[in-house]
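See structure below.
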Amino acid sequence: MSMFLDTAKISVQAGRGGDGMVAFRREKYVPNGGPWGGDGGKGGSVIFKVDEGLRTLMDFRYNRKFRAKAGEKGMTKGMHGRGSEDLIVLVPQGTTVKDAETGKVITDLVENGQEYVIAKGGRGGRGNIRFATPRNPAPEIAENGEPGEERELELELKILADVGLVGFPSVGKSTLLSVVSAAKPKIGAYHFTTIVPNLGMVRTKSGDSFAMADLPGLIEGASQGIGLGTQFLRHIERTRVILHVIDMSASEGRDPYEDYVSINNELETYNLRLLERPQIIVANKMDMPEAEEHLAAFKEKLAAEYDEFDDMPQIFPVSTLAKQGLDSLLDATANLLASTDEFLLYDESDYQVEDEVYYGFSEEEKAFEITRDDDASWVLSGEKLERLFVMTNMERDESIMKFARQLRGMGVDEALRERGAKDGDLVRIGNFEFEFVD
């Protein structure tokens, strides 16, 4: 059996845009040819795409860094550099992508073929043909390509199943799945025989079908990490109906009703919304001695918790080993599924607000910040300013002068004066230093 991996931490980096080119038209019989440098190509984006053939996040165990290629540089004759192809990263259905730093959900990928641009490629820098004006018909200005986005991500796989089997270890969940579907889970007479989720397709005699997941057994304290802990509790989140399997024979020496209460407490502690899912109680091992007496006591205790206006969960006595009582259980499960809508896995507050693709600067975006370093130099920072800086070709005087005009237009010079900067003070942006001229 292949190893199951349902969480992974990875980093992605989109490709940088290609640099624009400074070039001039030099052809015989064409006097004063003017600028002819083309734009750089767009950097490749990193795109997640759902592949229904994948079952785990195992591929991300050994490959944790994904980097798209940069765009090509601009060329002469005003030709654009070639844009890089996007990097397609395949993920299984049910993959939730979160920002590793904030923990916020970026996207939830559940449909086969669904795509999401997780890191946008940088745009290509403009060539000098773009900067020609009547006042400067032969500019020696070109932009560097824009850096691609970089992100640290957490991936979580929550299997897609209509029905989830929950219960203590060794209550018969794996046996139930094996007799109602073609799934072949590992079955044994010891705790935690099931250590990975198993998925099977169930078809009732009435013709209804649904996906059922056998999840590793829970024990008291699972929501705090005891036993297999929360490692597989996340897989219950996508289910619409929960089959709560109870060992009515009390073969492990536990009270069946206390088992029922304990497991529900773990579900509630892990995620309060899990108890919103309708449950069917599967009273298993009814072929064992004293099971009938235990079931009668169970029903009495359960009824005491509900008043006449509450909908008490249905109880189905079965024996998975003897294959008794299963048809009525499956029909009831199919009927409950038909009347139960999908549950919203995340609300709006769980999602991280993603910026739109926008190559200007939003009004809300803070243009720059000024701090003072230990060596008394002034340090400029800020997303807008740093983006302008990295796209400026510092090897060409005209580009540097253009950058200086941009800083002045942003109010950097005035802000430095207000902070007390004097003529000759050192100003730093990244690893680039220059003197402040008042």
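Every residue, even glycine, has its Cβ placed from backbone N, Cα and C.
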Per Swiss-Prot, which of 108-127, 128-147, 368-387 is region 'Disordered'?
128-147
Per DSSP, three-state class assigned to Ser319 (GTP binding site):
strand
Could you tell me which of these binding-site residues, Lys173, Lys285, has the greatest number of Cβ atoms within 10 Å of its own Cβ?
Lys173
Give me the CA-CA distance between Ser174 (Mg(2+) binding site) and Ser319 (GTP binding site), in Å, as a whole number.
13
From the DSSP assignment alone, can you count helix, strand and coil residues within the region 'Disordered' (128-147)?
4 helix, 1 strand, 15 coil
Give the residue from the binding-site residues Ser170, Ser174, Ser319 that has the most other Cβ atoms within 10 Å of its Cβ, counting over every protein chain displayed.
Ser174
